[in-house]
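Report on the structure given below.
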Amino acid sequence: MCRNSLNSVLYELWTVDPVLCDCIVDIRGGSSSAYTLLSDNALASRRRADNMSEIEKRDQEPSSPFADLHDVDSANGSTTQGSPAESIASVYTAREDFFRLEDLTLEKATNLGYPTEQTFEQPFDSSSSSEDLERGAVAPILVQQQLGAHDYEKPGALAVMRKGSDPAASYKISHPPDELPNLPHKRDRKILRGLRYNLLAVYQRLFSVVFIGNMIAFIVEVVLHRHSHPFGPPLSNLATAVAANVMGAILIRQEYVINSLYNIFCWTPLWMPLWFRRVVSKLYHFGGVHSGCAVSATAWFILYSALVTKRYVDGDFNEPAVIAITYILLALFLALCVFAIPKLRIFSHNTFEAVHRFGGWTAVALFWVEILLVLHAESNIPGTDSFGSLVVQAPAFWFLLVVTFFIILPWIRLRKVEAFPEVLSKHAVRIHFKYSYENIGNVIGLRITHNPMKEWHAFATIPDADGSSFSLIVSDNGDWTKKQIMEPAHSYWIRGIPVTGVLRMATVFRRIVLVATGSGIGPCLSFLTSHPIPCRLLWSTPNPVQTYGENVMRAVAKADPEAMIIDTRATGRPDVVALTYHLYLETKAESVFVISNPYLTSKLVYGLESRGIPAYGPIWDS
């Protein structure tokens, strides 16, 4: 039933308690103007009551609270009654079989309307236009008046203010300002902006530093050994280079290393220059180091494979098993690089995960075999050390030992935990866990799954008030997330420890603007509840109350009472760049953080950074 229509509202009251509906009209003290507020069905009921004989009325009088509320003077037609609030209370008291007093409160009546942040006082105007009646703009005021309200919310507005028992937990649905400041012009020429913020973004710069550094060493190694016999650098040197880069790629993705880096970088004091804090906050681009090391390891292994093949052909290295393993390893390295190409990774993410997980494990295992076979072959050469001595002296052995340890470490902490799902709507579910981690509030993410060997999904943790438990918000964004909403599970597998996210770097700024869309509110709540720094939140999502529920709305309001929550279903999608710029100026913030989908995050970060405004957001590089 449409709650925006007056007729629907009154009809809903009438279907449950026709007498109450009549009382609301009579309390207004009129017939013609008040009768226009009745639905056709309610009006018919009233007319039937008016046409009843005195005997019929007398027969029904004991069950009708209407006679207790007011008496009609047959001589002058005037109506005498108590206060509206007392009258309604009497109705509920007399008709407990239909309603209880708490079933219709001033708050519930307010929720039927279109209130805004501003209120106004005015007497009820029964001469409302038919358009007002049709869209239901008058009914909320009528109901509020009957309940003794003194401040009536403006009808027809798009914003909504709901208040709970906690004044700090009030929340509002906002309307984007009609006038926004003009965006400043973008800096530099278009081609330079494309290079700086796309082709040569921080991620690509880190990749370039790692890869170019390796290529310099690569060229030097080849040049220094160009006259060696057999040709080229020693295989042990090349194996060391491969193992060192593999170790770098693994370590930079390890949870303990990531959390340690965030903790170190977040020590940056606020008195440091803004330009320095802007650079430090780009830490979340560390994936550039991972990909740089991985590609460099592949380049080194290509040279290694070429030299092994040449020496085998020349008869200087007679180990067929090493040749076979070498080419299997080469295929695995190339597959890992190919499936990590951004477009291919996004298009087939499950395949990317499977190749990275199982292909990576297989590569490390085969690399162990390769290293040991090569060292064993070298130990057979007269005048060389024993096999054990060569193994201990080989840097590649120790690098692989570190790699193996950090690959196994997260799986040692693999466990299945109990979950308590709270379905918020058909679009979202909140999953509660009744235990906690140390520093659970430090804007960290947790990976969960039903099949540890197949796929993992990361979500931001939202610590509960006492810190003894936490929750995750999962929204409909694919087959797996859809299943969690439609078929809530009561247990999940988790692995390793939670990992710090990009929002952690917001603590190096004095004041920020936080932009979220959809379930991006999860990481934002995680940050706001654990780091109460000056912040203005902009949350744009369709049907926020219906999708995420009252508890999430109150949590948002408690974290930022001035949060701008936009219901895109009611207002349409706003110009997020212009709106964010407006809040940036209004709050005098130092930076902007964005938690949204890849497209909007990229658009907003580029739109602000190209205008000289520090902006940060996830880069989805894994």
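Residue positions begin at 1 at the first shown residue.
Each residue, glycine too, has its Cβ placed from N, Cα and C.
A TrEMBL annotation is a machine prediction, not a hand-curated record.
The following features are taken from TrEMBL:
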COMPBIAS  49-61  compositional bias 'Basic and acidic residues'
REGION    49-87  region 'Disordered'
COMPBIAS  75-84  compositional bias 'Polar residues'
TRANSMEM  202-223  transmembrane segment
TRANSMEM  235-252  transmembrane segment
TRANSMEM  258-276  transmembrane segment
TRANSMEM  283-303  transmembrane segment
TRANSMEM  323-342  transmembrane segment
TRANSMEM  354-375  transmembrane segment
TRANSMEM  395-412  transmembrane segment
| query | Hey, would you say the transmembrane segment (354-375) packs against the transmembrane segment (283-303), going by three or more CB pairs under 8 A that are 6+ residues apart? | reply | no
| field | Distant-in-sequence neighbours of the transmembrane segment (323-342), which means Cβ under 8 A and at least six residues beyond its ends | value | 291, 294-295, 297-298, 301-302, 304-305, 308-309, 312, 348, 351-352, 355-356, 359-360, 362-363, 366-367, 369-370, 373, 621
| Spatial neighbours of the transmembrane segment (395-412) far in sequence, C-beta under 8 Å, 6+ residues away | 236, 239-240, 242-244, 246-247, 250-251, 254-256, 360-361, 364, 367-368, 371, 375, 495-497
| Quick one: do the transmembrane segment (202-223) and the transmembrane segment (258-276) have at least 3 Cβ pairs under 8 Å, skipping pairs fewer than 6 apart in sequence? | no
